[in-house]
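The ATP binding site annotation in TrEMBL covers B:5, B:6, B:7, B:8, B:218, B:219, B:229. Here TrEMBL flags B:49, B:120 as substrate binding site. The domain 'ACT' feature in TrEMBL is assigned to B:388-452.
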């Protein structure tokens, strides 16, 4: 059994949904599909989810909503009519939306979640109706039937019973169309996944039914070995391990959100990233293990927006607990950090800059100086991280030297090197201005010469 | 005013003490000297401190001490007679020793400290007597006159009032001979410095009187840029900053203990490491700042005996506080660590192996797996750290690449690179079997070609 997930652009209009039907039809093993809300049809289009957010905001602000509500319904109506469906499905969607709009608004976040999630929910109903209309027996199934999430709005995840509940779906005869992006608490409150929405739903379904494969359909042919906006025609990644994929996602590189991999990772279920618009392309396979291939490097990712907190104190390394106390201060500011390179008398904490502002920085500096008696404490900004990823590259003698040499040859100074824990990655910190130049140089070093 | 410290080999016998007198005489600014107990005269000699430890142990075990006591007294008597001193000083030393031996033994550690410290204390009295006998007005001053330490036996350090108390010594007319290695608590209990004994005393004195220079006399001409037992005739270091010296001491490289630098570091007092046996050699100057010199690298040190705790957990980087909680477990085992390189889903903690044993390791692994739910946690042993030190090398583009390339060319795999905090050092972790080979290769890379 294969679980498929179709992203927003894969279900943006009637033409796309027909492609989805053909893909599902082409392999009888494709029995469960998770769908997103209709995405952008063109670059300057508005996603249904964004229309729904506008609608919910208008309701909460008490302004007239008619135009906004119509815009949402018209998107579905256009799709339905092009798919040759009769008016029934639009009546279902309209009454669903009206019911949600009339629901309790005392908890604004809950109300917003409820309106937003209708995008996926109603699209699943529409797609199930379309499948049935063309002779593909299909059934819409609501997350109410078992996708139970915790009651922590900022950090929604599926509870263990979800996997038991949804395992039943393996025995449904029809093709199941399941809306992505949300679940319900035990008390019946709808909650959306904060990140990677529909990808997580697909991954949960694949795990629950013990799928042989989780196909994640999107609008790219594969995962590339480097950002194609920077590197010309980068090598396509055919096969990548979970942990390689995770390390690449460090730099926002991943096609889908890393947390979405968790449920399938736990079961060892392989993932295939494929293109709805080119389903014959093999795509990228994410697997638990893979044989060592030619190049030690699988991919290179870069990301900007990092800051460094530098703290120094003479004889710091003689103080048991210094590092731990520093991290405690950072933690108390609710900041997560990436790396903590250290010398004898100094330690740096590397974190994403968006978590900082002048006030937070001043507070941290003050505490570090007063509570830890640091001689020096300061923030530096505008750093990028460059991540080189490859299974087994740790044991490739000379790889770090090659990478450092390639970076230095661009004229950039290496501000940080982090190697020594991950078996599959090597991280360099550099000034952001050099980021693209370095990515090109590293790609040249590790890929350009390997193509035959 | 210059404060000098003379180490154990510099005051091991009459001939050495005559050298000390000549050195002090040669510069009238040398007004305060801190002295060690008589050290080894030959490679197979026994230091007076070790004789004293044997003596104290015999007392505590209740066995006969006559031979051991005589051995100590004879060392002083030999020195005194060769220096042409009359019997008075030996009477002073003998009665001092008898008084200490008769003192309270209920606190064994205190008794041991009291006996051990007599080595320095009586040598200072003897040297002061000798100076006076040859027409150099000198005065023995006891740490009782102001060197006040905290009341924490495992971690002795001078309290702030010490610096006020001892500042008076600047106005003493005679040359002051001050015993190194110990001080007294406010309650009058003698405590020895746990590490770097007499070096710390000299440093405290230099700081207290605001010396223009702290001369640290030992038995080597200088600090070398690499271990001369591994590298043939390494370059001598003429000038080095405090922090370069500190980073080199990471690997046990330093001529004197790093904590000893603290008092002079705080005052910015320069230090000159000199050779009692070759006082005309310029030695090595330790200074707050120095101009950028030719080579970006000042020294290279290596040390073995490191272990790595590797911990991995999928989505570790999403857990705020994971690193802090891991360090807390390490801290609760009273283990200090050196570096914590981290990937996205794993973190390594690098520590000195001597702090570990099977039991401690098993306990840590158990806690990490149970409390942090780590998927993987294991210890790896037999690593060496290679430290490359140089003021400003951080901004030397390509230095990390050169170092990594030199290491890789030995065939060694780089297990860890730590760069990114210290401005003056770059640390590589390697398998210990490659340590010497790597030191040679790095010396070749950074020094061999720079000599003209």
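Cβ atoms are placed via backbone N, Cα and C, with glycine included.
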Annotated ATP contacts B:5, B:6, B:7, B:8, B:218, B:219, B:229, maximal Cα-Cα distance (Å, integer): 26
Residue B:120 (substrate binding site) - helix vs strand vs coil (DSSP): helix
Helix, strand or coil at residue B:229 (ATP binding site) [DSSP, three-state]: coil
Inter-residue C-alpha distance, residue B:49 (substrate binding site) and residue B:218 (ATP binding site) (nearest angstrom): 17
Segment-level pLDDT (mean, integer) for the domain 'ACT' (B:388-452): 86
Listed binding-site residues (B:120, B:219), ranked by Cβ neighbours within 10 Å, top entry: B:120
Helix, strand and coil totals (DSSP H, G, I; E, B; other) for the domain 'ACT' (B:388-452): 31 helix, 13 strand, 21 coil
CB contacts for residue B:49 (substrate binding site) [other CB atoms within 10 A, all chains]: 22
Cα proximity to residue B:120 (substrate binding site), best match among binding-site residues B:8, B:218, B:219, B:229: B:8
Least Cβ-crowded entry, counting other Cβ within 10 Å, from the binding-site residues listed as B:7, B:8, B:218, B:229: B:229
Helix, strand or coil at residue B:7 (ATP binding site) [DSSP, three-state]: coil
